[in-house]
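Participant: Feature table excerpt (TrEMBL):
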- 9-119: domain 'UBP-type' (DOMAIN)
- 169-278: domain 'UBP-type' (DOMAIN)
- 193, 196, 213, 226: Zn(2+) binding site (BINDING)
- 203, 215, 216, 217, 218, 254, 256, 259: substrate binding site (BINDING)
- 320-834: domain 'USP' (DOMAIN)
- 329: active site, nucleophile (ACT_SITE)
- 633-674: domain 'UBA' (DOMAIN)
- 687-731: domain 'UBA' (DOMAIN)
- 783: active site, proton acceptor (ACT_SITE)
């Protein structure tokens, strides 16, 4: 689509700006699909402006002008405007793809389905963001850059590819590769398979240099599998795919012996053996990872057996769906719940228009506030919650219906959480990948990320104020603060009646759900046990959670091995209470999900009965001390003397105990006599193993401690449950993370009923606001959906339940997806506190 001369202006800046422009290379993030600060995209009426200096994508729409803000703030004045216009149905090509295509399916399908319009724009004085005309010599240079941008992977696709590639490792067949006699490979343009005429999807054997075609690839070129046959004939397993080699040193590598993709740290050396100079290579074909991503995106991730046909789609503010990126339903469900709450609206949606000009990040894609603002506006504004008739498909109806086909309801296209996912997951071993994750773990990671960002912004803002001579602390509100509360954990020695209290800050109340079978598990000869469980109320689960239990304990006060009574109660209440329903039991060291119905009577809960009382009159406080152990004490002077001789600390302590703390000489003799002994578990560094079992972790969690705290306590005490309990009560400031954030004077606060998070005001009644359900046997597979109590276009108060299943947003009807059907089996529950001035009848 060409622009008329009336739409263009001559640009006086372009010649001087050309040297600052660059071509995107293999790993460049090119934001050409959507704006980095809103969800306007190349499909919007005015398209997207891609910065020709840094490849940031900005919208050109009235009201936002994110492209203009970026251009003027960074003096990146030239941009490539990209608009995508859907072709009429009659003009579109068939979906069947021609064989042996080298380009990606996405690009081929895109050109079949859309017209692409491009123009270069300038935001300099006199041009004002209009398209420009340039002399022929300059146009040629701009055309080269434009073509490279259009041919590059979008930032979203690049992020997905990177996430998948993080799972690829090397193997011994690569690291111990032996190459045969050198011989050069002809240019890629003229090479063919050694056994057929295939000229694409070619794999080079890195051992002997044989060229063979690969197996047929989804969305790529065909193949006859001659490279695989070569491996079967010769045993040469390591191959590299020609056409995927880049000058940066990346390429598709495959080991047929392992039957998996691999990496090669010596790829440049191995290719040079056959005369291939890696610095001169140019990528011409899609990699396996890229093809895998495209295949992943083509799947339908709707829940099995639910096509949405009987659900009524709804659209509008706060009713925007999220695209499924492959395994991103855990992200979608968490984001829908969070952004439905006022603190997240206030923190991010209300600052959407003002933040871009004040943002100090070089790129909005690297700024958490930018990305959270973008998500808030995308989900809450209603701008993108529009029915898309292009995603409607015909679906056969039930057998009793008279018509042969019935059209599916018209759903939204949905907005993509990829940019936020890439930022929040960056550097995380799990959330940076495309694997399915636990929604509760992701929620905790989101909270940590938001809290860290808010702290950094407050620190920076306060520092600026202090440099200006002002002393007040400023900075953004942390929306997660309204989720925080404290648990009161009490330990009482039954021998001396001494007590110890500790307060523990929490964002989520994680409670075990008791599983009581309701019927005989299965019939004789049945392959799979099918167990039905008795329903249990949330109130009963809270009673079980706060009840007093006994544990073995060595008291530091009375110096005897005895029993301690422990209990966990609420020390304060949050504004929003997240309840994590732990419906798992450990079977053969693997958590197994249990379908135990959890009943929430009237969709409300009163937490007053579970409030702790703190230190009571007459109670004697146990003094904090080192963790008690069953081992005899070690003479510290002897220990220092032995350690000064260079002996390992663990063996020093062992030698002193073995010789009864008698003398340094005796301990030294013992060390020389036993120095060659194989090191036992006591000598092994604690960082090398995990000395805890899932059962012990769950036991400590049932006492009110977090998973991280339980694991750290067991690690610090070599897996000894008795010592782990004492360690936890002796380290009230330790949250279990590697870098512990101190909670000052936690014990003193517990004793005086002074809490730092939440409040103790009564009443403490909460109403169910939302819940996240999980379908599948494991939290690391299956599918997550969310139900939220919201106001809809038909209701003025938040009295209607809405169902969020990725991009599908519907009213909640009856049947298997109803609130009544799914809420008893939800994984995460969100309760909203009923304030005294808004108690509902």
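From the backbone N, Cα and C atoms, a Cβ is placed for every residue, glycine too.
Just so you know, TrEMBL annotations never went through curation; they're auto-generated.
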Participant: Which one is it: of the recorded positions 215, 226, 783, which Cβ has the fewest other Cβ atoms within 10 Å in this structure?
Facilitator: 215
Participant: Compile a sequence-ordered list of residues in the same chain as residue 193 (Zn(2+) binding site), six or more apart from it, whose Cβ lies below 8 A from its Cβ; state 'none' when nothing qualifies.
Facilitator: 199, 202, 211, 212, 213, 224, 226, 227
Participant: Report the residues of the chain - excluding 193, 196, 213, 226 - with C-beta within 8 Å of the mean position of the site's C-beta atoms, for the recorded Zn(2+) site, in sequence order.
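Facilitator: Here the non-site neighbours turn out to be 192, 194, 195, 197, 198, 202, 211, 212, 223, 224, 225, 227.
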Participant: Measuring Cα to Cα, how many Å separate residue 259 (substrate binding site) from residue 783 (active site, proton acceptor)?
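Facilitator: That comes out at 28 Å between the alpha carbons.
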Participant: How many helix, strand and coil residues does the domain 'UBP-type' (169-278) contain under DSSP?
Facilitator: 23 helix, 18 strand, 69 coil
Participant: Return only the integer: C-alpha distance in Å from residue 783 (active site, proton acceptor) to residue 216 (substrate binding site).
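Facilitator: A Cα-Cα distance of 30 Å.
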Participant: Compute the C-alpha separation of residue 215 (substrate binding site) from residue 329 (active site, nucleophile), stating it in Å without decimals.
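Facilitator: Distance (Cα to Cα, whole Å): 32 Å.
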Participant: State the count of C-beta atoms found within 10 angstroms of the C-beta of residue 256 (substrate binding site), not counting that atom itself.
Facilitator: 19
Participant: Could you tell me the C-alpha distance between residue 254 (substrate binding site) and the residue listed as 'active site, nucleophile' in angstrom, no decimals?
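Facilitator: Taking the Cα atoms only, residue 254 (substrate binding site) lies 30 Å from the residue listed as 'active site, nucleophile'.
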Participant: Please spell out the DSSP helix, strand and coil residue counts for the domain 'UBA' (633-674).
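Facilitator: Final tally across the stretch: 30 helix, 0 strand, 12 coil.
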Participant: For residue 329 (active site, nucleophile), identify the closest of the binding-site residues 196, 203, 216, 256, judging by Cα separation.
Facilitator: 216
Participant: With every protein chain in view, what's the tally of Cβ atoms within 10 Å of the Cβ of residue 196 (Zn(2+) binding site), excluding that atom itself?
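Facilitator: Neighbour count, Cβ to Cβ under the 10 Å cut-off: 13.
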